[in-house]
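J.: Before I ask anything, here is the structure I am working with.
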Ligand SMILES: CC(C)(COP(=O)(O)OP(=O)(O)OC[C@H]1O[C@@H](n2cnc3c(N)ncnc32)[C@H](O)[C@@H]1OP(=O)(O)O)[C@@H](O)C(=O)NCCC(=O)NCCS
């Protein structure tokens with residue numbers, strides 16, 4: 001399976017790769033398509049178990065679909081569709097409310113009911129010119145720590161960050177081990193990991209000395225004080241010209257900490273994690289809504305037939321969602337559009353303008369305000 005995956009993604013797995021793969025691999029969560037005498041693997045799909053935070057702070061179990069590939073000799077004859085159909089029917093049978101993935105290409109997964117739920121914003125910061133505003137408090141509290149020390153303290157900080165961040169994925173000990181194994185192949189030519197730690201946050205980064213670049217690998221903060229203190233320390237890294245962060249949320253506060261916000265340059269913005277709702281009532285009743293909402297959603301799901309009409313009544317303190325019997329204002333949408341709305345990242349108005357959501361303008365405005373979260377969703381773990 002690793003060979004099949006390696007061929008599809010253009011990489012040769014070394015013994016070190018295999019060691020990492022084994023750490024996260026659970027064969028019971030994988031499906032393969034076989035050809036020939038049954039010993040040629042021509043298709044693979046698998047999943048990792050995660051909990052994902054919804055707006056309001058509740059966490060739901062979700063399958064993180066991964067390792068999706070079909071042999072180059074067997075493409076475009078329905079193997080992916082067959083694998084995903086069987087896999088997702090299994091998720092439904094297991095009672096999972098959600099499936100998630102990160103996509104190699106943006107054109108593949110909409111047809112399977114996945115919508116873009118988080119976005120990555122890649123930024124470059126010219127460190128010498130990026131100065132904090134004078135009134136930003138300097139509370140200190142940052143220490144440079146070893147990987148072994150951060151391995152002990154980071155999981156608890158990450159849990160606190162995740163509880164406040166819609167879209168955040170939980171990490172098992174195996175994920176931490178893989179991150180901190182810090183193998184040569186994980187470094188992309190830069191240094192081994194360095195870490196800065198605060199009691200309420202941490203950042204792990206690498207230094208690429210050839211280009212005088214600091215590349216942020218992982219960062220989680222549970223308080224604004226930790227966020228500011230860690231950025232202050234990063235911006236003080238002498239001998240670094242550029243700080244690169246690959247997965248900031250679209251509206252992250254770092255630029256507003258600077259005297260000159262333009263020094264945080266967005267060099268790319270693209271889809272991060274995609275979400276697919278498997279159980280509409282379970283997913284929508286678990287989240288909270290910014291304003292009171294009472295609406296019937298008419299959800300279209302040709303791939304898994306998990307759609308139908310659902311009445312959603314919700315607000316900041318709780319929500320209920322059940323198959324609709326009586327009328328309330330109606331909004332029609334596909335399962336993929338619901339996946340985009342779920343974590344609070346998408347604008348209902350933009351989806352409507354693109355023809356992915358239908359309803360009276362006044363109802364769509366209410367849906368828009370109710371579904372949007374205080375923070376842009378961020379998943380935090382690549383899988
Ligand atoms: C992407 C991949 C898994 C597709 O496998 P496949 O068996 O050829 O796909 P299927 O024949 O089952 O196609 C299912 C549908 O997806 C569409 N599709 C498949 N690959 C697509 C792509 N790369 N972009 C857009 N649409 C794609 C097909 O046209 C088909 O559409 P339809 O059902 O509406 O007619 C395969 O091309 C692959 O392994 N690519 C390299 C690895 C990769 O990118 N994996 C995805 C990781 S997230």
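Every residue number used here counts from 1 along the chain in the order it is shown.
Each residue, glycine too, has its Cβ placed from N, Cα and C.
According to TrEMBL, the record shows the following:
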type     : residues                                     : note
ACT_SITE : 109                                          : active site, proton donor
ACT_SITE : 383                                          : active site, proton acceptor
BINDING  : 68, 69, 70, 76, 77, 78, 79, 80, 81, 104, 105 : acetyl-CoA binding site
DOMAIN   : 1-137                                        : domain 'N-acetyltransferase'
J.: Taking ligand 1 as the reference, state which of the recorded positions 68, 70, 81, 109 have a Cβ closer than 6 Å to one of its atoms.
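T.: What lies within reach of ligand 1, judged by Cβ under 6 Å, is 68, 70, 81.
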J.: Looking only at the domain 'N-acetyltransferase' (1-137), report the model's average pLDDT.
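T.: The average pLDDT of the model in the domain 'N-acetyltransferase' (1-137) works out to 96.
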J.: Here's one to test understanding: among the binding-site residues 77, 79, 81, whose C-alpha is closest in space to the C-alpha of residue 109 (active site, proton donor)?
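T.: With Cα distances computed to residue 109 (active site, proton donor), the winner among 77, 79, 81 is 81.
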J.: C-alpha of residue 68 (acetyl-CoA binding site) to C-alpha of residue 383 (active site, proton acceptor): distance in Å?
T.: 11
J.: Within 10 Å of each Cβ, count the other Cβ atoms and name the one among the binding-site residues 77, 81 with the highest count.
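T.: Compared across 77, 81, the most Cβ atoms within 10 Å surround 81.
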J.: Using Cα coordinates, what distance in whole Å links residue 81 (acetyl-CoA binding site) and residue 383 (active site, proton acceptor)?
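T.: Pair distance, Cα basis, whole Å: 20 Å.
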J.: Counting each residue once, how many in the domain 'N-acetyltransferase' (1-137) are helix, strand and coil under DSSP?
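T.: DSSP classes over the domain 'N-acetyltransferase' (1-137) add up to 45 helix, 46 strand, 46 coil.
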J.: I'm trying to understand the geometry here, so how far is the Cα atom of residue 70 (acetyl-CoA binding site) from the Cα atom of the residue listed as 'active site, proton acceptor', in Å to the nearest whole number?
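T.: Between the Cα atoms of residue 70 (acetyl-CoA binding site) and the residue listed as 'active site, proton acceptor', the distance comes to 18 Å.
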J.: If you measure every Cα to Cα pair among 68, 69, 70, 76, 77, 78, 79, 80, 81, 104, 105, the residues listed for acetyl-CoA, what is the largest value in Å?
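T.: Between the most distant Cα atoms of the acetyl-CoA site, 19 Å.
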J.: Look at each of the active-site residues, 109, 383, and point out the one with the fewest other Cβ atoms around it within 10 Å.
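T.: So among 109, 383, the active-site residues given, the one with the fewest Cβ atoms within 10 Å is 383.
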J.: What is the number of other Cβ atoms found within 10 Å of the Cβ of residue 79 (acetyl-CoA binding site)?
T.: 19
J.: Spatially, which candidate from the binding-site residues 77, 79, 105 is nearest to residue 383 (active site, proton acceptor), comparing Cα atoms?
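T.: Nearest listed residue in space: 105.
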